[in-house]
Structure formats: structure tokens, C-alpha cells
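Notes follow once the structure below has been shown.
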Amino acid sequence: MEFQTADLCDANESRVKIVSPMFRSYGGRGAFCGRITTLKVFEDNSLVRTALEGPGQGKVLVVDGGGSMRCALVGDQLALLGVKNQWAGVIVYGCIRDSKAIGTMELGVFALGSHPLKSIKKGAGDVDIAVTFGGVTFTPGHFIYADEDGVVVSESSLL
């Protein structure tokens, strides 16, 4: 599905929320979109693994990692799960690792940065709740569009 976030904003200005420009694209898929599913975690990626092990059905996993720059929440193994289980992408308000490998995968991955340290694994966090960062609230079931120009969120499909 081809789109450009700039065009979506122009055509739907009153229907979209634009995320502050804070993310870097790491995945092999530069543009991606889908229904939102969310996680709220802090320096623990256990729930990220659980989510990506499930059927993605073209959805986008939005991970509110509290903006932590102290460890990675997604690495190449979890990204590969995302590819295998048909997720469109992952947006991490935090860090990823294995960025070179992730860059070769057919998965959209946006994050604040890259960090070599893995996270803890205690299973702590929340699933499918509204999370807010970058000036936008991400609500499960709403839609997200991401490309080289940025990230746009809407309550209903724009395509």
C-alpha cells in the first residue's frame, strides 16, 4: 500500500495527529502503516516478544518504553518474529539494537536510537492501553502511518 505522510496530512489535516519528529528509521521497510496495538514497558522487553510472537495481521506495534536510552527493547530476533508473523512495523519510544540486521528485514522499525545492551526480562508492563509520547496519544485500534517524513495517527483509516 503506497502512501506519503505529507499527502495524508494535506488531504486529512483535521483528522490526523502528527508525532513530533524524534524517530529514526531502522527497518528495511521505509514506509509502513496499520492498526495500532500498544505496549507500555520500561527497560523490559518480555511483552514485546509476546506481542511479536502473535499474529500481526499487518498491524503496527507501538512500544512506549518511557524514552529510555539505557537498553534496547527490540533486536534482530524480535524483529525477525515480527516479519514471520506479518507485522507491518514497530515503533519504539526507546532503543533497538542489531540495527544492521534489522535494516535488511522487510519490517518497518522506528526508534529513538540504538543501544547494544539487552533489556531485562521480568514480564512487567501493560498491553493495549492508550500511551502518549511525541505529543500524540496512540490508541489501540486507531491507525498509524510512518515514512521518511514522519509519523501520523488517525482514528480511522486514511487509505
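Just so you know, glycine gets a Cβ as well, placed from its N, Cα and C.
As recorded in Swiss-Prot, the features of this protein are as follows:
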BINDING   Gly75, Asp76, Gln77, Leu78, Arg97  substrate binding site
BINDING   Asp98  divalent metal cation binding site
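Cα separation, Gly75 (substrate binding site) to the residue listed as 'divalent metal cation binding site', rounded: 5 Å. Summary for the binding-site residues Asp76, Gln77: the Cβ-based neighbour count within 10 Å is maximal at Asp76. A Cβ within 8 Å of the Cβ centre of Gly75, Asp76, Gln77, Leu78, Arg97, the residues given for substrate, is found for these other residues of the same chain: Ala72, Val74, Ala79, Leu80, Ile96, Asp98, Ala101, Ile102. The Cβ of Asp98 (divalent metal cation binding site) lies under 8 Å from the Cβ of Ala72, Gly75, Asp76, Gln77, Ala79, each on the same chain and at least six residues away in sequence. Here substrate is bound by Gly75, Asp76, Gln77, Leu78, Arg97 per the record. The longest Cα to Cα distance in that group is 10 Å.
For Gly75 (substrate binding site), other Cβ atoms within 10 Å of its Cβ number 21. Long-range C-beta contacts of Leu78 (substrate binding site), restricted to its own chain and to partners at least six residues apart, with a cutoff below 8 Å, comprise Asn45, Val48, Arg49, Leu52. Asp98 (divalent metal cation binding site) carries neither a helix nor a strand DSSP state and counts as coil. Secondary structure from DSSP puts Gln77 (substrate binding site) in a helix. Sequence-distant contacts (6 or more apart, same chain, Cβ under 8 Å) of Arg97 (substrate binding site) comprise Ala72, Val74, Gly75, Asp76, Ser114, His115, Pro116, Leu117, Lys118.
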